[in-house]
Amino acid sequence: MTNIKNTFGNKFIGAHVSAAGGVDQAPLRAREIGANAFALFTKNQRQWVAKPLEEKTISAFKANCKMLGFGAEHILPHDSYLINLGAPEEEKLNKSRAAFIDEMERCNQLGLTLLNFHPGSHLKKVSEQECLATIAESINLAHKAVPNVIAVIENTAGQGTNLGWKFEHLAEIIDQVENKERVGVCLDTCHTFTAGYDLRTKEDCEHTFAEFDRVVGMHYLRAMHLNDSKVEFASKVDRHHSLGKGEIGWSCFEYIAKDPRFDGIPLILETIDPDIWQQEINTLRKFHIEEIANS
């Protein structure tokens with residue numbers, strides 16, 4: 001357990017693994033691919049309601065995480081895709097807020113401290129500003145209902161009426177969240193790239209992350225999704241690809257693996273071929289260990 005940091009350096013790299021058969025299986029699957037971080041769904045992501053977690057499942061999950069050395073700060077649960085915390089219709093908004101609070105409660109029961117979610121969509125029925133304010137209020141309500149868990153906003157590709165693709169959207173939400181200690185950001189490299197922030201070269205990465213720091217603040221970065229993109233720059237389309245096989249290329253992922261600003265947070269693959277996740281993790285880790293050796 002104690003040797004994980006020594007073996008893997010300061011980077012916590014994994015993938016979004018299946019929780020089929022119970023959430024307690026997720027840490028086992030993560031370890032099979034050589035991960036020291038992972039993401040999961042704590043319930044079926046395409047259903048509104050799930051039966052409560054059983055005590056034996058909660059205990060088994062915690063025991064497996066402890067046995068394999070996974071800390072809560074390196075586990076990134078993702079909420080249901082159905083939830084829209086900026087929904088313009090009251091009924092959908094109330095349903096989304098109740099479901100989000102349930103997701104946060106499940107994280108708390110499992111001893112987890114992060115909950116990753118897509119911010120929301122205005123559906124062309126309200127202004128961007130109104131939608132962003134509604135999202136922030138949804139986070140505030142969840143914070144009041146459930147302790148400990150940090151709401152981690154994922155930037156989006158900008159498809160349709162989804163908000164969160166501009167760094168300014170993220171900053172505007174955070175600005176209206178009352179408890180700043182319990183809000184953060186997960187940057188998805190594919191989404192960032194297709195939203196119009198270039199990542200193809202080291203210089204592009206320097207510029208994009210400097211812009212994120214200026215607008216949002218690097219101290220809010222709690223996690224990353226490492227994905228290449230099947231579609232071209234600034235296309236506003238979300239299509240993930242395996243690392244180095246898409247439009248972004250390896251330079252970006254080498255940059256992240258070598259930059260200490262991305263130490264200590266979950267770096268999660270959502271790439272399209274689970275058969276090569278271990279290979280992708282090993283390549284990222286090799287870049288990181290090289291940097292440590294040369295520093």
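Each residue, glycine too, has its Cβ placed from N, Cα and C.
In sequence order, His16, Ala39, Leu40, Phe41, Gln45, Leu115, Asn116, Phe117 are the residues of the chain that are 6 or more apart from His78 (Zn(2+) 1 binding site) and have a CB within less than 8 Å of its CB. Residues or ranges marked as Zn(2+) 1 binding site in Swiss-Prot: His78, His118, Glu154.
Residues or ranges marked as Zn(2+) 2 binding site by Swiss-Prot on the basis of sequence analysis: Glu154, Asp188, His225, Glu270. Within the same chain, residues at least six positions away from Glu270 (Zn(2+) 2 binding site) with a Cβ under 8 Å of its Cβ are Ala15, His16, Ala39, Asp188, His225, Leu226, Asn227, His240.
A coil conformation is recorded for Asp238 (Zn(2+) 3 binding site) in the three-state DSSP classification, outside any helix or strand. The Zn(2+) 3 binding site annotation in Swiss-Prot covers His191, Asp238, His240 and rests on sequence analysis.
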#### Entry: CB contacts for His225 (Zn(2+) 2 binding site) [other CB atoms within 10 A, all chains]
26
### Query
Within 10 Å of the Cβ of Asp238 (Zn(2+) 3 binding site), how many other Cβ atoms are there?
21
### Message
Just to verify: the residue among Glu154, Asp188 with the fewest other Cβ atoms within 10 Å, which of the binding-site residues is it?
### Response
Glu154
